[in-house]
Each structure stands twice: as structure tokens, then as C-alpha cells.
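TrEMBL annotations:
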type	residues	note
TRANSMEM	C:22-43	transmembrane segment
TRANSMEM	C:55-74	transmembrane segment
TRANSMEM	C:81-99	transmembrane segment
TRANSMEM	C:105-126	transmembrane segment
TRANSMEM	C:133-157	transmembrane segment
TRANSMEM	C:169-192	transmembrane segment
TRANSMEM	C:222-245	transmembrane segment
TRANSMEM	C:251-272	transmembrane segment
TRANSMEM	C:279-296	transmembrane segment
TRANSMEM	C:302-321	transmembrane segment
Amino acid sequence: MDSINKSFSGVQVLKNVNIELYKGEVHALMGENGAGKSTLMKIMAGVYQPDRDSGKIVYKGNEERWNNPMEARNKGISVIHQEISLSPNLSIGENILMGTKFKKNKLGLVKWNEIYETADRVLKSIGSSLNPKANVSTLSVAQQQMVEIARALSFNSEILIMDEPTASLTDKEIEKLFGIIEELKKKGVAIVYISHRMDEIFKISDRLTVLRDGNWIKSGPISETSPDNLVKLMVGRELSDLFVKERKQETIRPKDEVPALELQGISDKNLVDNVSLKLYPGEIVGLAGLVGAGRTELIRTIFGLSKLQEGRILLDGEDVQINNPIEAMKLGIAHVPESRKEQGLLPNLSVKENILMAQLPTYRKYRLLQTKRMDHDAERYIKELGVKTASKEQNVMGLSGGNQQKVVIAKWLSISPKVLLLDEPTRGVDIGAKTEIHKIICKLADQGLAVLMVSSELPEVLGVSDRILVMHEGKLRAELSREEATQEKIMYFATGEVK
Amino acid sequence: SGGGSESSGEPAEPNNENTDEVGTEGEQLKIGLTVPTLGNPFFVAMSKGAEEVASKYDAEVITVSAEHDLAKQTAQIEDFITKKVDLILLSPFDSAGIAGAVAQARAAGIPVVALDGFAEGGINTVVMSDNVQAGRLAAEYLVEQLDGKGNIVIIDGPPVSAVTDRIKGFNEVISEYPDIKVIANQNGEGNREKALDVMESILTANQQIDAVFTINDEEAVGVQIAQEQAGRQDEFFIVSVDGAPSAVDLLKAGGSFAGTSAQFPNTMVIDGVALALKIIEGEEVAEEVLIPTKFITQDNVDSYEGW
Amino acid sequence: MNINPQESVQTRVSFKKRSQQIFNNLGMVIILFLLIVVMMIVAPNFTDPSNILNILRQSSITAILAAGMTLVILTGGIDLSVGSILALSGVISVMLSNAGVPVPIAMLAGVGVGYLVGAINGYFTAKPKLPSFIVTLGSMTYVRGLAFVITGGYPVVLASENFKFIGSGYILGIPTPIYVMTLVYIVMFIMLKYTMFGRHIYSVGGNEEASRLTGIKVERTLINVYSISGMLAGVAGVVMAGRLFTGQPMVGVGAELDAIAAVILGGTSFVGGFGRIQGTIIGVLIVAVLTNGMTLLNVDYYWQQVVKGLVIVIAVLLDRLRKRV
Amino acid sequence: MNINPQESVQTRVSFKKRSQQIFNNLGMVIILFLLIVVMMIVAPNFTDPSNILNILRQSSITAILAAGMTLVILTGGIDLSVGSILALSGVISVMLSNAGVPVPIAMLAGVGVGYLVGAINGYFTAKPKLPSFIVTLGSMTYVRGLAFVITGGYPVVLASENFKFIGSGYILGIPTPIYVMTLVYIVMFIMLKYTMFGRHIYSVGGNEEASRLTGIKVERTLINVYSISGMLAGVAGVVMAGRLFTGQPMVGVGAELDAIAAVILGGTSFVGGFGRIQGTIIGVLIVAVLTNGMTLLNVDYYWQQVVKGLVIVIAVLLDRLRKRV
Ligand SMILES: Nc1ncnc2c1ncn2[C@@H]1O[C@H](COP(=O)(O)OP(=O)(O)OP(=O)(O)O)[C@@H](O)[C@H]1O
Ligand SMILES: Nc1ncnc2c1ncn2[C@@H]1O[C@H](COP(=O)(O)OP(=O)(O)OP(=O)(O)O)[C@@H](O)[C@H]1O
Ligand SMILES: [Mg+2]
Ligand SMILES: [Mg+2]
């Protein structure tokens, strides 16, 4: 692809971007949130057309143009899109084959058996045991991601685009995915790989292209660069403090210190099974585990979203009953949920209102809202957390992922919590914003906040936590101190290979 | 959908003071009555008439409303057939449209008497107001009051035969007077609400109006409200058709509402049943019984019984 | 070793909302069944074969409209224009037939008019992405206006006896409209379940963006769906004309609401993507049995309205509660 | 130094669909303006002060209903019952007033009935999460049934002159309903913009799940919204009774569609969460000016329907196209 331009409603998001793909390579496409990676890939896949008179796509030596995803696919280009793009009401099998011509019988009617058989074969080949007849709406995000991957692999493509395929996968599945990528490479498939996880990039890719602000910055072999260098290219400046936790370690606590949050043998009706833990003020505890280990479920139970079946929750040493988020908030618990888009953001409202929505009652005077005070406070939070926004009145959906996440965090800080529950706080967030969020978390802990952080990204867990807990199938399997924790150890406990 | 509109007539010069305990011996007489809408006092009055019949003959009367829906009325007749009623009284919402259902009922051996409007499909007889005459009466009064010249407004209604007949009769008379000019012709959908809105606009567009004809009394009331609010109550008078309770009140109050061609819904039912009983007993009856309307003015309203 | 240990667990938060909108059919079948049992006990002559046929014939118009409406609601839209299309199609086919056009062609023309209006609805919904509610509210208004304009407001009496057959005839003792209705439902069932187009409807309704990405022609699917809804409204209009021996400009007012109620009672969700055509016919029958039974019981007409309104809410409520347990 | 260079770009792909559903008001203001200019030129006496007051007075009922409808649609729901509530409230307040209850109390009772029906709608929509369409379709039916039951089908003639004032009176030469309408819009504007409840409506409409997690009482918000819609329908019913001098069980049929059309013309989106009350009044006025102008021009009633239907679609279309550029 050569000097591609693309604008949306007058705003140019790609400016003369070039990318070259060779057979059998894994090509990493790098850039911050909003750099234009997905847009470029959507052009390659026929979802969008480049702006008129701009650039050209040369495929196998010929200049080509495709007008819709179908045409691109027929030419051998398949995509795993960043946003999960499944139809929730259809079966897994149908989703995998959707968009292809279904096999038909003599009457022109769809042959369901063949669909399910084909889908089953594809699923098996990527090591998934999902039932192709099951409905997609019954799947977890991770499982849906696997279905997306299966769909992309369901026909023999020559170019495979993977737009953040691992955002909601944990290491175990990622390993499997990398295995598949290796096999495809051998078959000569060209793969475009987009991810915000540095370690993955250096593990699997051969070459890379960096975009910044819609501009092409650099292409070249991965071997000629280093993580620090790459970040610099992406961000356009030196970013010295990657993943470095500048906090003093406080592993030894006074015997009589009261935990901010204590769980005593709590279970819920689904998954969480007899979990006990203590969380002290000023401490960041990481909670690791595989997809579906029950971490989200545990956090939801604490926040009153999932019913407590057994056990006790203590805050500052006192027994509390939490039946819903409102009660949890009153007790000083904040919760940054797993899915920013579906559970965190109030899409049509401004940044200001997103930040202050949980705290509106305190801004009331004679039943009306005091807009001056709201403006003032919103600006304070925007500044404190370094939210990059045109103004506090900007619609929150116009922000990049990382800044959206900061807004969600700000919303919870506005209630001045004692305990902060974070569920995947940096999923899909680029490296620069991720670092800033980590800094914010650490700063808050320094100010005495107790933080419980779920993350599927091990470097993050290792980099930020004071202590690390590992869950497997609803049970707490291990507690590791910052010093003793390694990726291997965590995976060992997380996979349940322990008695 | 328009509200009231359809209507009908006056005592079929009651020939039926009588009816010695007719009905089917032994078993109670079952009568099905379907009307276009029970949202119109006219049909409510008709259903009241049916109740009178019920007590008179010790009959059971089932009253249903078609809500201005032909399909619904057809279904209702089918249900009557299933219920094995002895007689169907049908105030048709649409004379042609109901034919299929009427034919079915006749095939099942049930006499069908149409009320307030003709119906195809082989009804035994129809008892209705003479709507053409009603329109004519109103027109004649209007012409007389205007001395054969002036600007008039017509407020039309839903396109059902009762309404179109009134307009027809009205136009028949008016067309003979070239000096009477129809300066606006709008649709009030047969109800007060819409007639009021429409009249407000007509008042704005026309500086000199001498008289207004509306197809029913509800519309007339709407027109009068608009007129009074515009402060033009002395400018023109209103005539309509129906003889509804609201019209009686207005006539008694003595404003710009000048007169209405009154119909007689409950008599219509009573006559209809009487005719049907004759049919059941094998007597011949007239194909059509037209009940003339009576023009009620402020002068003679006190002698009018009302619905 | 299973890399997807959570396979057995069922729902995710994000889909909770969605699945709460699903009603499966079983609950409504039970409600219909109970209603029938009650009516058999209390309503005189309810079980007469002729009454059963009546109920079915009376349902046929709403059922045909509701079949098309099911497709539209499956895509997450709504079609308010069906009642007006019914009127216009009836009027046009009757006028053509009266003008000497052969009956089948006159009927096809009526159906074609419905198809055309539907296609226009679909075009505006799919291409400039106007909300279907407003597009079909607009066509509901202008289509009925047209029906009035071309008839001058008067009903047009149907002359042809052959034409009447479609609405009032019998084949083997069973009224023709019942055959039409049955045919429509069989075709729709097969189409939804066994054709690409049918599956695309579910896909588009479930996730429009995703469908586009997988190469489904979303616009074309939508246009076809609205066209079919319009076409079926045309079919209903022709049957209605044959049943009523007339082309009526004011027939079918409010029919769209009956059809929508049937679809929703039948378990199709407004969210789009969830529902089955079998459910719709159950929904149609619930309302039809209730209305027929109450008339047989001579329930006061006004109270019938009250009961009907309450039954709609209670039926949906019971179905929801049943699913909670 | 900017680490998020794309900040200036406004929308994200995933919200394309959503934002396409937003209509801002400006486009409709222009359309209203054009319409007024055309009418000034062609329609006799259009600019008479008395005609302007007429248009406003005629709009007031729809406008009051549409204000409540705006809130409901902002939460992503719909309220079909407002026309029936209008009838029931009118009937009840007139009957009470005729029975000797002091006028203000009779009026309050009418409004209260509306509030109650609205609260029931809200309860079923919020708690067992039934689709608002079906809940309010049900109440649309049973509420009108009740209005018929309590009046026996007869309109109830209003006796009290004081009562008539609310619908037919003048204050400083301006009809009372215009004051009522203005008051409703001012209150709604302030409520939506400057109260917590108002902001919660937007929040719940935009993302129910996220709102719940933010500690917003979603159920209570929804119940309040439907209650307000019902209450305003009650206000409209009382004004209508005062305007028509009668409590009519059959008044307001189809009024819900007029109100919905106005809301959507005014730019509030069915998706929920987008829209403004100012837009709604523009939507109401577009339809009112059009109808008034055509009546002044003595356009045939049936053609008025055709034109009105087309204008609705075209207005929304133009607005959409304008935004494309
Ligand atoms: N359909 C669209 N309409 C308007 N703007 C768009 C559209 N799609 C993308 N954009 C804008 O284009 C820019 C590039 O977006 P893109 O999704 O390609 O970024 P990305 O590099 O994939 O980011 P991320 O890492 O967050 O996935 C962003 O500023 C985005 O807001
Ligand atoms: N609200 C819910 N209703 C029903 N099932 C749920 C709900 N939330 C989570 N689950 C299920 O519980 C299981 C545990 O999921 P949970 O989200 O707690 O795991 P996790 O360790 O956080 O993994 P993930 O990375 O997927 O978030 C999952 O299989 C999920 O399907
Ligand atoms: Mg992207
Ligand atoms: Mg999780």
C-alpha cells in the first residue's frame, strides 16, 4: 500500500501512509491509540476506501481496488477485527462461516450439518472445544475472540490481519495463538499483527511499521530496534519511566494494622469459591489468573453486583453488607469495570459529566446543579490525571482509549474512595497512556488508597503490584510477594497445575 | 380516525307499538347489535335503544363496536353466527364491505336488519335516517336565513355513506343558489377537536363568513368554540345534522348554533327489531324504511325529546 | 487440557441485557393453551368447528401483516405503514379489477404497490439511515392520503366474483385466507431458517456493524426486508378486499399496532436479531382467541378493551417471570 | 507535547452508528424557518397575530405530550399511552368538576390519574424490564377502555366556566394553553439541563449498565420518566377538556404518533441519550405550521395527508444530508 490517505468527515486520519507486506512474515503495526492502525487495516480489508486520488494498493504485483469486505476476502485477505464483530444471536458455526456462501442442497436451502461440521473442524484446528451449535451470546469475551480467530482462519487466506487479537486473551491462549501464527508463517501467509503489548511484538514479529498521528514514521526489521526505541518512535519523545515503579516496598506490616478491605471465605453463586484476602491501605494487590478464573466475578461480588452466598466482607475491620453498587459507593469502594465501553462510559455525555456523574448529589443546591463548582472540579480532575481533551465539554467518545480510561478512573476518584477495585485497567490502552495510568495508580496508593487490580497482562501485574494473588477456577491458589513473583510462577499457579 | 359521523333517524313513524311477546317461544330471544363505534353518542343512544328492546321482549342483546374497522365488524358478525343469535342488527361501517359477513349470516338463516345505513349482501331490510333529506333540511334553513346569498363553509367528515348523503342533500339545495359561495371546504373528521382546529384556521383565512354547515353536531360544537374565541359569534350561524344532546344544550343556550336535522337512533333499533320479528314470523316487510329527520331550531327545541 | 475452562458458564454481563430481551416461545404457547382451555369451559360454542375457522380467518390479515413485521423487527426496525399499505393495495387492485384488468394481474398490482412502498421505506432506512419509525410514520400518512385521493374518499365496490374468492372463498371447506396465511408462514419459516437471506436478517439485526465487516450487504438486506413487509401488507390488502368485497381507503387503521403486538407477544425482541416466526403466529392467536371468546361471552365492549390491554401486559410479564425462575 | 495526537478527531468508528442518529436542532430550525417564509408568501393572513396565536394554541396539546415523550425517548423507550391518558384524565377531571369538586382539585385529580398510569408504565418497564412499547401499547388499550367504561361512552359536558379557562381563556390577550405549554417547556428545559434527575436521564439513556455501575438508581429514574410523561398527558387532557368544554372518551386517538413525530423531527434519537427539549418544540411547530398553512390555503384534506407524510420524511432526510456535508 502506497501513500494512502483517509479522512472522516473532513478530518484526515491517515496521511500518505505506506506499508509493505511479504509472504511468510509477521508484520507488527505499531502506534498509539488513534494513530490510525485499525483504519489502515480496514482499508486493506475493503471496509473503507482510501480517499479519492490517493495512493494505491498493489497486490501480487497488480494495482487493485476492492469495494467491499467480500471482494477483499475473495482475493485472500482475512481479518480479525479489533471490535468483536459477531452476531450474538447466531450459532458459533454460523458466525464462523457468515459472509461466505453457505452450502446449499438441491432446493437451494442451507445445509446446516455441513456448516456445523466445517465450523467444528476449524475450531478443533485452533484447539478450541467450543460447540459450533451454541449461541454466541452465551460466550465470554475470550471465547468470542477465539470464534473471531476461527472465522479468520476458516478459509485459506494469503494475508491475515490481526487487530489486537490478544486484548482479552490470557497467556495460555496467546501461546496457542502464537503456535498457529508460526504454522501460518510456514505456509507463506503474510500476517499483520497489531498489539499494545510490547513483549508480544518482540516475540513474534519479523518486521514492523510505526504510525503516529496518521503519519507513516518508519518501517524496518524488528531486529533493528529495541522496546525503548520503538516507544520513542510511537510516542514521538523519550519515555524513560516505562513500567518502573518508584515506590518504596513495604512488605512488612505492623501486626495490628487493620486491612482496608478484608474478605473472609466469600463465595458467590457462580464461580467464586471461598476466597479470603486482606488489602491494606496504601497497597496495590494484583490479581492474576486465566480468562474465566473468576477475578471479575470476585470484584463484582465485592461491589455488590453479584450476590454473596457465603463469607464476610470487612471494611476497616467492620462487617459490612453490600447489596448494590450504591451501598458499595457509600462505604468508599470504587470500581473501574472490565469493559470500558459497555460498563464504564456514558457515551453521549461530556468528559465533565462522565467524571462527576457518580457525585452529582453533592453538587445540588435548591435541587439545581451548581455548574460553576462542577466545572471547577472537573477541570481539577482533568488536570490531575492528565486527561488529554479539547475541553471538558468534549463528548467523551471523542477521546482515545487511554484517555477514556482515565476519565473512568477519575469518575471513581471523585467519590474519594478508600478501596479501589480495578478490572483490567489498561486493556487496549497504548503504551504511553498505560504508563500514565500506572503512575496514577501508584500515586493514589501512596496517598493511602487500597488498590485491588485485576489484570491479564503479566508484565503489568508484576510491574505495579506490591503483592500478587493468583486465582484459578474461582479459588485463590497462591499469594506471591513482589520479590518472589515471576511470570513462570504465576502461570504455574494460574493453570491449576498444583494440587 | 374520525369520531362520530354516521347516524340515523327518527321513529319510523312507529308502527310497532305492539309486538305481543313475540320472540321465539320458550327460549330467550338473542339479538346481536354491532355499531361502528361506541365513541359516538349516537350509537350509544342506539345501544340504549337496544336495552329498551331487551326489556321489552325479554331478549338478550349483545352490543359490540367495530371501532371504525371493517374487518372487526365482519369478525363480530361471524361471532354472532357462532353464538347462534336469532337476529343481527347491523349498523354498517361500510355498506359494501360488510356484504360478505351479511351473506354468511343469511346463509346461516339469521335475519339481518341494517340500521342507519344500507348494507349489501342480502339484508332483510334497512331502517335509517333519510340523510339526504337531513342535508337538504339544513341547507334549506340556511338558504332561507341568508336570503339566498352569502359566503358559507362546509366542514366535512369521514367518507361514510351517512356523511356523504348529508353533503349530497346539502349540495343539491345549495347548487340552486349561485349567490351562495362555498369559500372553504375542510374535513373535521367528525369530531370536536379537529373541527375546532380547522375552523380556527378558516376563520383566519376568511374575513366574511355568513354560515357554516357541519356534518354532525360534534363538529358544530367545535366550530362554535372557535367562533366564540375569535369573537365572531355575531358574524355567522351554524347548522348541522344529528340532534345530539350537546346540540340540544347549545340550542337552548341560544347562541350562533341555529339548528340541526335531528335523528332518532333508539327508535331506529326498536323499529328494526319489530321488523325483524315480522320477518321471523314470515311476514313481508319493506326493503327500506327511511326515517325522516326533523329540523330542530332554537324555537322548537323545547318540544324535542332528544336521544 | 482445556484451554477454555469456562466453556460451561453461560452468560456475560454485556449480554445480560440483550438476553433479557429474548422471550422464547414456550411461555406464550402455554398462555395460548390456557386461554383456549378457559374459553372452552366458559364460552358457548367456542369449540364449534365453524368458530375455530372463524378465529383463524379473522386472524389471517393480522397474521400476514405480522409475518412481514417479524422480519422488520428482527432487523431492529419497525414498520408503521402496513395498515396504510393494506388500504392502498386493496383500493388499487379493486379499481384495476373493476376497470377490466384480469383478476390475477389486478391482485399482483396491489401486491406490487405494497412492495414498492416497502422498498421506498427500506431505501430511506438503509441508505441515509433514517430511523425506520419516522420513515414509516411518514409513509403511513402519505400512503393513506394517496388511498383517499385516488378514491376521492369513497369505498370502491368490488365487482369481480373471482376476486372475492381470495377473501371469501372456501377450498375443501376451509376459507381461502387461511391457506394464504399458512402459505405465508411456511415460506417465511423456510426463508428465515434455511436461506442465506434469512440468516443475514438475523445477523444484521444482531450486529449491523459486524455484518458489514463480514461482507454482508447490509443495505440490500434491509431494503429487501422492508420490501417484503410492504409486499405482505399488499397481500393482506388484496385478501381484505376479497373478504370485504370493497376497496376501502380507511381500512386497516391501527392494524400496524395489532401486528406489532403479535410479534412482541410472540417473543421477537425489539433489540433486533432475536425471534422466530412461529412465535408470531402464537401471538396473533392469543389476541384472536381472547377477542373471539369475549365476544362469545358477551363481555361489555368497553371492558373487552380493558381486558385486552391488561392481558397483553400480563402475558409478557408472565413469560418474563417464568424465565426468571 | 502531546501524547495523544488524535485528540482533535471527534468520533470513533463504533459510535458512528450512534452519532448518525443524532440530529442537532439547527437543521430543523432552518426547515421551520423556510416553511414559515413559504407560508407567509402563499397563505392568506398567515402572519395575522391571531393566526400566530392559533398555531401556538393548536400546538399546545401535542407540545405538552411531546415534552413528556422527549424524556421517555431519551431513555430509549416509547410511550404509546399518552393519547389514551389524555382522554381518561379529561373525562375524570370533568366528571369530578361536574360533581361539585372545586376546579383546581378536579384538575389535579386528572393530572394525578395520568401520573398514576405513567408510574405503572414505568414500573413494568423498569422492574421486570418489559419492552416499553408493549407495556404502553397495553395501557393505551386498557386506559381508553376505562375512559369508555366510566362515561358509558358519552362525552361528559363540562359545566364549570372556571374550568374552561385553562383551555379557552386568555391572559393579557394570549390564550391560556400557550402559557401552560411555555411553562412545561421551561420546567423541562431546566430539569433536563440543571438537575441531577435530568442528567441521569441522559446517562441512563446512553448506557444503562454503566449508569447502574455508577450508582444511579436506574429503575427509579425510569419510573419517574414515565410518570412525568403520564402526568403531562394528564395536563394535556385537562387543557383539552377546557378547550372542548367536554370530557371525551374518544379524544386524542393517534395523538401519541403526532407527539413521537415531533420528538424525532426535533432531533431526539430513538437510540436513547441524544436530544434536546428545544428541538421537540421545533418539531411540533413544523407540523403545526404546515397543517395551518394548508388549511388556510384550503388544500384538499386528503392531499394534506400526502403532503404531511412526505414533509416528515423529507425534513428528516434533508437534515441528515446537511450533516453529511
Ligand atoms: N468511522 C470513523 N469516523 C470518524 N473518525 C474515525 C472513524 N474511524 C476512525 N476514526 C478516527 O481515526 C483515528 C484513527 O483510528 P484507528 O481506530 O485507526 O486507531 P488505532 O490506531 O487503531 O487505535 P487503537 O490502538 O485505539 O485501536 C482516530 O482518531 C479515530 O477517532
Ligand atoms: N454477570 C455474569 N453472569 C453470568 N456469568 C458471568 C457473569 N460474569 C462473569 N460470568 C462468567 O463467570 C466466569 C468467570 O468470569 P470472570 O469474568 O470472573 O473471569 P476473569 O478471571 O475476570 O476472566 P476475564 O479475563 O474473562 O474477565 C466467566 O466464564 C463468565 O462467563
Ligand atoms: Mg485500532
Ligand atoms: Mg475479567
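Every residue, even glycine, has its Cβ placed from backbone N, Cα and C.
TrEMBL does not curate its annotations; it predicts them automatically.
These figures come from a predicted structure and were not determined experimentally.
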Q: For the transmembrane segment (C:222-245) and the transmembrane segment (C:55-74), check the count of CB pairs under 8 Å (sequence separation 6 or more) and say whether it reaches 3 or more.
A: yes
Q | For the transmembrane segment (C:251-272), sequence-distant contacts whose Cβ falls under 8 Å of one of its Cβ atoms, 6 or more beyond its ends | A | 18, 21-25, 27-28, 61-63, 65-66, 68-70, 73-84, 86-87, 90, 140, 144, 204-206, 236-237, 240, 244, 278-284, 286-287, 312, 315-316, 319
Q | Region pair the transmembrane segment (C:169-192) / the transmembrane segment (C:55-74), three or more CB pairs under 8 Å | A | yes
Q. Quick one: do the transmembrane segment (C:81-99) and the transmembrane segment (C:133-157) have at least 3 Cβ pairs under 8 Å, skipping pairs fewer than 6 apart in sequence?
A. yes
(Q) Which residues of the chain, 6 or more past the ends of the transmembrane segment (C:133-157), have a CB below 8 A from one of its CBs? (A) 77-81, 83-85, 87-88, 91-92, 94-95, 98, 117, 120-121, 124-125, 245-250, 253, 256
